[in-house]
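Asks: Mind looking over this structure? Questions follow.
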Amino acid sequence: MVLIRVLANLLVLQLSYAQKSSELVIGGDECNINEHRSLVYLYNDSNFQCGGTLINQEWVLSAAHCDMENMEIYLGVHNLSLPNKDQKRRDPKEKFFCLSSKNYTKWDKDIMLIKLNRPVKTSTHIAPLSLPSSPPSVGSVCRIMGWGTVTSPNETLLDVPHCANINILNYTVCRAASPRLPTQSRTLCAGILQGGIDACKGDSGGPLICNGQIQGIVSWGNHPCAQPLKPGHYTHVFDYTDWIQSIIAGNTTATCPP
């Protein structure tokens, strides 16, 4: 009963936030061309796509489950069919996973750090995003973005990224939706409780941005997407900042937190 009351109170709170947000469709509205300079498009010749985030001139952060063969990394992209003049393509020079392997699970350690084969310069449509200086608070309004499907369960992929606002929720909300989840996890629970806005297929690996910092990585969610009371799961970047900074500094044997 206590959990039901908590969910009911959170739903009222979410409804008040939703009135301030953009139209409730999966993926939100088309992103402003200048608001996603750190957003990266990962793609291969098998039409597998993911998002990522540029965190400095030669490093990209994404989800471990976004690893793919023949990965192509595009930066400064808005319209996939109409390249920007400063758009760049890079290849992965090295990829790093927790415990120096693909030893992640659906619930934990879904993080991949990619070193580019060549650095990129900051430009009109390319700029890195800061790592978090502190974890986000429950109730924080954060931004998701990506080229993923804007409908579910049927898929509709567009050439431009869509952006939307969602909220950081208490982890117990995600456990209520998925009782098999562990009692603790290095993931963030985020979404809109009444549904209608969500990251979805094709958005994996992209950022959850709160106060100008990357706080989460799109990891997994329910299908169909954007169901009421079934928020999404995001890798909690703050928990991995020491690992990320160690790898970038050259300590390639650094291990992730337990």
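Keep in mind that glycine also has a Cβ here, set from the backbone N, Cα and C atoms.
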Asks: Which candidate, C189, C200, does Swiss-Prot give as the disulfide partner of C174?
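Replies: The record-listed partner cysteine is C189.
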Asks: Given the active-site residues H65, D110, S204, state which is nearest to N251 (N-linked glycosylation site) when distance is taken between Cα atoms.
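Replies: Nearest listed residue in space: D110.
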Asks: Nearest to C142 (disulfide bond) by Cα distance: which of the active-site residues H65, D110, S204 is it?
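Replies: When the Cα distances are compared, S204 comes out closest.
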Asks: What's the CA to CA span in angstrom from N79 (N-linked glycosylation site) over to C98 (disulfide bond)?
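Replies: It is 33 Å, counting Cα to Cα.
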Asks: Do you see any of the disulfide-bonded residues C66, C98, C163, C210, C225, C256 whose C-alpha is within 10 Å of D110 (active site, charge relay system), and which ones?
Replies: C66, C98
Asks: To what whole number does the mean pLDDT across the domain 'Peptidase S1' (25-249) round?
Replies: 94
